[in-house]
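Taken straight from TrEMBL:
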BINDING   Arg79, Arg123, Ile124, Gly125, Thr126  phosphate binding site
BINDING   Gln202, Arg204  substrate binding site
DOMAIN    39-288  domain 'Nucleoside phosphorylase'
Amino acid sequence: ENFIHLCNPHLEKMKEDILYHFALGTGTHDFPALFGDVKFVCVGGSPSRMKAFITYIAEELGLGSPGCDYPNICAGTDRYAMYKVGPVLSVSHGMGIPSISIMLHELIKLLYHAKCSNITIIRIGTSGGIGLEPGSVVITRQSVDATFKPQFEQVILGKTVIRSTNLDEQLAKELMQCSKEINQFNTVIGNTMCTLDFYEGQGRLDGAICLYNEEEKLQYLKEAYDSGVRNIEMESSVFAAMCNLSGVKAAVVCVTLLNRLEGDQISSSHDVLVEYQQRPQKLVGYFIKKSLGKV
């Protein structure tokens with residue numbers, strides 16, 4: 001049994017642990033009863049997408065009745081949304097490193113207090129592609145920073161701390177195999193660049209501020225491509241670092257909404273974007289079904 005490893009000796013001394021941003025606490029909620037059977041955790045930016053995912057996975061696993069509504073477990077707060085069906089937990093994390101980091105601290109503690117074991121956490125999301133057809137799905141090999149280094153840098157007590165951003169290689173291969181079995185959309189394994197911003201940090205020309213030209217932008221994106229980067233988003237580095245430290249198997253599966261070598265604005269129609277966003281859900285849904293022997 002592979003249990004969650006908490007890198008914090010102080011938690012042992014606390015009578016009660018309040019997960020403030022989830023509106024849950026060990027003094028008010030029975031974590032093992034509520035979450036003890038969880039094996040798969042899927043996280044993504046938007047609350048509505050994570051609700052759509054739980055509805056989809058419930059249907060796929062034959063656990064829900066049509067039109068069934070899944071209550072938001074974090075209804076006491078509007079920071080994050082959380083849904084559960086059977087062994088699957090679906091949680092929103094907002095946009096960017098700070099938002100997902102806060103969520104992950106509390107999620108990892110939740111799984112620890114619930115005495116969960118053999119957990120797989122997968123981020124399903126959207127991204128900008130580099131040199132890929134829009135709608136392609138990228139399974140992350142390594143998350144790299146904006147200088148293409150596979151690391152997450154954080155200042156703690158005034159000192160810079162650098163953490164590894166490696167993800168589970170075997171899990172990435174299993175997800176790739178699942179994509180071949182579904183055979184519905186282009187999927188690649190590649191590096192994912194995690195930035196601190198959507199505009200300047202990703203070399204866009206369409207933000208409120210831009211002090212570089214198109215040539216410089218394209219040179220940067222081509223350098224990223226040559227270093228193995230296939231997509232850009234804003235959460236994978238801290239996600240990989242925190243899952244590593246907690247001993248949790250983790251993967252990042254993101255669809256690309258556009259090819260950044262061809263533009264900056266996301267101009268596909270609403271219906272096309274909705275279908276693109278369902279691709280990581282389909283892939284991860286199939287992986288969960290297969291893992292549970294339901295394919």
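Quick reminder: no glycine exception, Cβ is built from N, Cα and C everywhere.
Positions of TrEMBL features highlighted on the structure.
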| residue | record | contacts (Cβ under 8 Å, 6+ apart) |
| --- | --- | --- |
| Arg79 | phosphate binding site | His21, Phe22, Gly94, Ile102 |
| Arg123 | phosphate binding site | Cys42, Val43, Gly44, His93, Ile100, Glu235, Ser236, Phe239, Ala250, Ala251, Val252, Val253, Cys254 |
| Ile124 | phosphate binding site | Cys42, Val43, Gly44, Arg49, Phe53, Val253, Cys254, Pro280, Gln281, Val284 |
| Gly125 | phosphate binding site | Gly44, Gly45, Glu233, Glu235, Val252, Val253, Cys254, Val255, Pro280 |
| Thr126 | phosphate binding site | Gly45, Glu233, Cys254, Val255, Thr256, Leu257, Tyr276, Gln277 |
| Gln202 | substrate binding site | Gly128, Thr195, Ile232, Arg260 |
| Arg204 | substrate binding site | Phe198, Cys210, Lys217, Asp264 |
Can you tell me the mean pLDDT for the domain 'Nucleoside phosphorylase' (39-288)? 97
Please state how far apart, in Å and to a whole number, the two most distant Cα atoms are among Arg79, Arg123, Ile124, Gly125, Thr126, the recorded phosphate-binding residues. 20
